[in-house]
Each structure stands twice: as C-alpha cells, then as structure tokens.
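A.B. asks: If you look up Swiss-Prot, you'll see Asp123 marked as active site, nucleophile, on the strength of similarity to another entry. Residues or ranges marked as compositional bias 'Low complexity' in Swiss-Prot: 442-457. Sequence annotations record features per position, and here Swiss-Prot assigns compositional bias 'Acidic residues' to 475-485. What Swiss-Prot lists as compositional bias 'Basic and acidic residues' is 499-508. Taken from Swiss-Prot, the feature domain 'PUA' applies to 294-369. Look at Swiss-Prot and you will find Ser442, Ser444, Ser445, Ser455 tagged as phosphoserine. Look at Swiss-Prot and you will find Thr443, Thr449, Thr458 tagged as phosphothreonine. According to Swiss-Prot, the feature region 'Disordered' maps to 1-29, 423-508.
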Amino acid sequence: MADVEVRKEKKKKKIKEEPLDGDDIGTLQKQGNFQIKPSSKIAELDTSQWPLLLKNFDKLNIRSNHYTPLAHGSSPLNRDIKEYMKTGFINLDKPSNPSSHEVVAWIKKILKVEKTGHSGTLDPKVTGCLIVCIDRATRLVKSQQSAGKEYVAIFKLHGAVESVAKVRQGLEKLRGALFQRPPLISAVKRQLRVRTVYDSKLLDYDETRNMGVFWVSCEAGSYIRTMCVHLGLVLGVGGQMLELRRVRSGIQSERDGMVTMHDVLDAMWLYENHKDESMLRRVIKPLEGLLVNHKRIIMKDSSVNAVCYGAKITLPGVLRYEDGIEIDQEIVICTTKGEAICLAIALMTTATMASCDHGVVAKIKRVIMERDTYPRKWGLGPKASAKKALIAAGKLDKFGRPNENTPKEWLTGYVDYNAKKPAAQEVSPTNGSSEPSKRKLSTSSVEETAAAAVSEETPSKDKKKKKKKHKGDEEAPEAAEEEAEPVEKEKKKKKKKDKDRDRDEAQE
C-alpha cells in the first residue's frame, strides 16, 4: 500500500502558473488600460511588463509631464477589431511551392482587406518566416525588406572532404562582404553585387552522404544558393543547396508567434461565424511590434494630428525621449497610449534635447497613423481665433487675405508669414533719423529707366523685329555654309517632281 501511495505522489505534478509571455498579446490586451497619465512627479510604476512601445517608458528622459490627455485613439492592443486588422501584421510560416506573392494574395482574400505586402520575397520552394503587412502596416514594408535575415540551409557536396573541420573552415572564409551573382533561374538581372554575411555556423555534417546543415545571418538580398556553390568551390569539390528555411526576418523570428495559413483561415472563420475575436487577435499583431527596437520619442496628444499632416517635430511637443539617440538615426514617434505616429530621422542627439528648449527634433520619414485619428489642435491661439472671426464677419476673404472691409488695426498689427515677401525690400536706416535712407539715382540710371519705359510703350511687333535682327547678326558667319545648301535642295525638289509625274502617267 505504501508503494502505491508513493507512486501516486510521484504522478501528481504541481501545476505551475506560467508568467504571461510578452509576445502573447491576445491575453495581454484584457489586463489593463496601458496609457501614460499626466502627473506632477514621477510615478512609481513597474513598466517592464508593459507591451510594445510603452515597455520601460519610465526609464525614458522626461522633458515634461504636463499635457492634456485626449480620449481619442486607443492602445494598440485595445483597438476595435476592424481597426486592429487594418493596422496589423502576420508572422507567417510560408509553405513550400506557392510563391510569396501568391501567399500574400491569398491572405488578402481571406481577411477581406484592401492592401497587403511582405517583408522580402522567398523562392517558391523556400519555407519559413514571411512578415505579411496589412493595410496601414504596409507603410513599414520597405524598412522590413532592408532588415537583416537569418537562414538554415541543407547543402550537398559533390565529393568527399578530408574532415568536418575543413567544411567549418570553408564556411568561416565565406564571411564579410562577398561578391554574389544571382542563380541561373532568378527573377532579377544576373549582375555582380556585393552582399555581407555577418555570421555563420555549421550545425551538422554527415560524412557518409557529404551533406550538411548550416545557419547563416546575412544582409537582405543575399543568395544562399550561391553561397552553397561558393562553399563547394572553396572546398574544391563543388556543391549545391538542397533545402532552405528562413528562421528570422528583421526582429521577428520563427519563435515569435509564427502562424500557418490554416491558422489564418480558422481565425477568420471563427470571427465570421461565431464573432470570436480571440484567435484573430492572436494571429494578427499590431504594427508597433515591428518597431520595438527603434529609439522612441513620446509626443503630446495635442501635437499628434499636426505630425500626421506633416508638421515639423519640435521640442515643445515632446514629453519623453530615449537615451542614445544619434543624428540621422531612424527613430519612432509615438503617442502616450503607445501608438506609432511616424518613422523619423533624428536631427538632435539626446544631449542636445536635454539642453535645448526649442528647435526641430526630427524630420518625418514615413507617416503611419491615419489623419484625424486625434483632433486638430492648431489655429486655436488668440491671433488665429481673431482671424477666424474676421473671416466669418466678411472683413477678410475666405483665404484670410485683407479686403476693402478689413480694419486698419488688423493691417498694422498682423504679420502674415505665409505671404511671399517682395524681392526688393526697404533697407533699414543706418542713421539715427527715423526716415528710411533713399538711394539717389545717378544720371545714367535715370536715362536707362526712361528708355525702358519708352520701350514698354512700343508695340510688341518692334520687339519681334529686333529679335530677327539679332538673329541675323548671329547667323552671319554661318551664311557661307547655308549658300551651298539651296543647290542640293533644288536638285531634290526636281527629283520629287519627276517621281510625281511618273505616278500620274501610270495612273492614267
């Protein structure tokens, strides 16, 4: 009996509560309202478990904590399901045989969306990580296509090699910048190009069959098939690639919630027939998941829509900024709710931002957020409000320009910076006198202005005649050459006349 009890105790396993994985965003969305709240002092929060772009936000440098939170927009995980689909991506396990474009077209048809794009073409026989961007997320496709890739390849050598060490040594030689030419069967022009291989490892090698498996981390656009051929040449026996799988594209790997085509189909079927969003939210991830490795700048809610319309990203609109921002570095501008507004190129370093109180922080590279997601908050100052009142009263035209009803106070007190300044500006007086100094015209300049006035009054025919005279003067040296040409032209005309006569006679 005692033995039986011991066995039962061994069989009973304690069910451990597994901590929620940060990548499982389907379950994270219901845990809380992820949003930065305005405060007068630094709040003590544990933001290490916050998702996406708000992770560790309390470690960002604070420029200001004072702003007016707006109810518009929402956390990427709490978006409405239709909006969630339009601003998401799928980390897809591409099946063998169909091309990347076919797979993307199928997903577009399954999800019933307007646009889809992918992170870089995979050959039909190649499987693995293919990031499919949906609708608004297609704006990130270019940055994903240029991101680094990782592959696992199976190769076969055409002859025996002395040892596995030789194969490993050959792989190590194929690192750094390499010359590559696309394979015989390829969709692009077969011209020589340089691609960088960052790292490679020989995972396994079978000496009996001369087959091996290696892992490689390389630049986008590298040809692994060509690399296998080069490995065979380095070893002196020749070689070829048998199979290939992409295990990482950018920051998304095959371990980061990769899904199959069947998962996408099942998720959409559940949503359409049972209104169950849970699986669809697990299959599709918010586009902010692709920008986690970018340096962040958090903007005030009132300046979000202005940036969406292309306004400059200036310091007064910045709430927080990350350490280590360098000039010309690609960064992400985000809201207090963790939504990506745009990708930008930094024009200030972190140190400059800390020491300045004005200036342009970054220039926009690609706007991601839809316009008017947040309300317009520009044109609400005292001058702008007064201008709107005058337009409504008819004292300014609909474009805000002065008309006959415009009051004198407005004309003297308002400076329109959008109006184009005249080319000849008045020179500021250098003397102590209040009157602006006027430059006296010389007698020659007076005569020139008078002559110009007379020439303006004369009809345009005289101008044409003058132009013809000038042309005649220019063409004078070429006259000798032109005299020889008429003789040849006359001969040609005679020949044409003779041909015309022959045709007429033939018709008669």
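Every residue gets a Cβ built from N, Cα and C, even glycine.
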A.B. asks: So for the residue listed as 'active site, nucleophile', how many other CB atoms are inside 10 Å of its CB?
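C.D. replies: The answer is 18 other Cβ atoms.
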A.B. asks: For the domain 'PUA' (294-369), what is the mean per-residue pLDDT, to the nearest integer?
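C.D. replies: The answer is 91, the mean pLDDT of the model over that range.
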A.B. asks: Just give the helix, strand and coil counts over the domain 'PUA' (294-369), going by DSSP.
C.D. replies: 17 helix, 31 strand, 28 coil
